[in-house]
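Trainee: Checked TrEMBL, it gives:
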type	residues	note
ACT_SITE	123	active site, proton donor/acceptor
BINDING	92, 93, 94, 95, 127, 150, 151, 152, 153, 166	NADP(+) binding site
DOMAIN	1-218	domain 'NAD-dependent epimerase/dehydratase'
SITE	94	site 'Important for catalytic activity'
SITE	96	site 'Important for catalytic activity'
Ligand code: GDP
């Protein structure tokens, strides 16, 4: 989702010399394959968007994979970027790097000030390592490697697998299928009380392009809207967007996860970037994209 959004942004800006590889073409966990790729292609600017990602359930079940795959991807790309003389690299982390009970909104300086949310601790540890790799390669070798921490994302090419996905795509699919099948209710996980912030992938791509052009500091930068909603509010909004008229059934056997993770985006706003897509509008766009690509998204 993020990689394709960045490619769309670069193409819209007129770039034609974009080097991309799908995961089936290049396994980023393979150190030798990544080293060969950088040696052959000699990219100048690197957007490190690739990651093993998923929702609350996937993070909690595939704990080893979330840690190992992400550590390998980051280590291989960051080290090869240093070795091959990349001019600038942007590493993408996640808002789950912050302590579970950190004050809200989350300021960049709260990193490593407390315990992490247990359901996604392996993923968070890997993403914190990515930040630290960028900082260390900058301080030891003088590399211009920067990091951005996006909030929860959604948009074209999202993962709609109900076990592995995040809440927003899961709810689009669930309400859509319930509408088609005339179901009287839809299962939603947890209590509905947790709050989440959502950023459209095209806005993130725009922020990545902005930071690649204008930001050269070792401090990482939060990327979000600075506004959040409860999962209950999100569910009502998705229900309305899809046009489903049944009820919600809250399954409290499923975890809530972290109570809140609202980004403080003042650093990014001060730099001069702000998101453009409001949640309601972004949901509408995303539902249209889902309808157009349902056969690809849902197996
Ligand atoms: P998180 O932001 O890392 O916690 O990941 P998610 O996007 O998977 O979950 C966010 C919140 O939405 C959690 O409180 C979930 O319990 C809740 N949620 C409600 N329904 C669903 C669903 O169908 N799928 C997912 N993934 N989360 C859901």
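Using N, Cα and C of the backbone, Cβ positions are placed for all residues, glycine too.
Source: prediction; values computed, not measured.
Can you tell me where each of these features sits in the structure?
Mentor: When secondary structure is read from DSSP and collapsed to three states, residue 123 (active site, proton donor/acceptor) falls in the helix class.
There are 25 other Cβ atoms within 10 Å of the Cβ belonging to residue 153 (NADP(+) binding site).
In sequence order, 123, 124, 127, 149, 150 are the residues of the chain that are 6 or more apart from residue 94 (NADP(+) binding site) and have a CB within less than 8 Å of its CB.
Long-range Cβ contacts of residue 96 (site 'Important for catalytic activity') within its own chain (separation 6+, distance under 8 Å): 116, 117, 120, 123, 124, 127, 258, 261.
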Trainee: Same chain only, sequence gap of 6 or more: which residues have a CB within under 8 Å of the CB of residue 92 (NADP(+) binding site)?
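Mentor: Set apart from residue 92 (NADP(+) binding site) by at least 6 residues yet with Cβ under 8 Å, we have 2, 47, 48, 49, 51, 147, 148, 149, 150, 208.
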Trainee: Apart from 92, 93, 94, 95, 127, 150, 151, 152, 153, 166, which residues in this chain have a Cβ no more than 8 Å from the mean position of the Cβ atoms of those residues at the NADP(+) site?
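Mentor: Other same-chain residues near the NADP(+) site: 96, 149.
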Trainee: Tell me, how many other CB atoms lie within 10 A of the CB of residue 127 (NADP(+) binding site), whichever protein chain they belong to?
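Mentor: Residue 127 (NADP(+) binding site): 25 neighbouring Cβ atoms within 10 Å.
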Trainee: Look up residue 96 (site 'Important for catalytic activity') in the DSSP assignment and reduce it to helix, strand or coil.
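Mentor: In the DSSP reduction, residue 96 (site 'Important for catalytic activity') maps to helix.
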Trainee: 10 Å Cβ neighbour count around residue 123 (active site, proton donor/acceptor)?
Mentor: 29
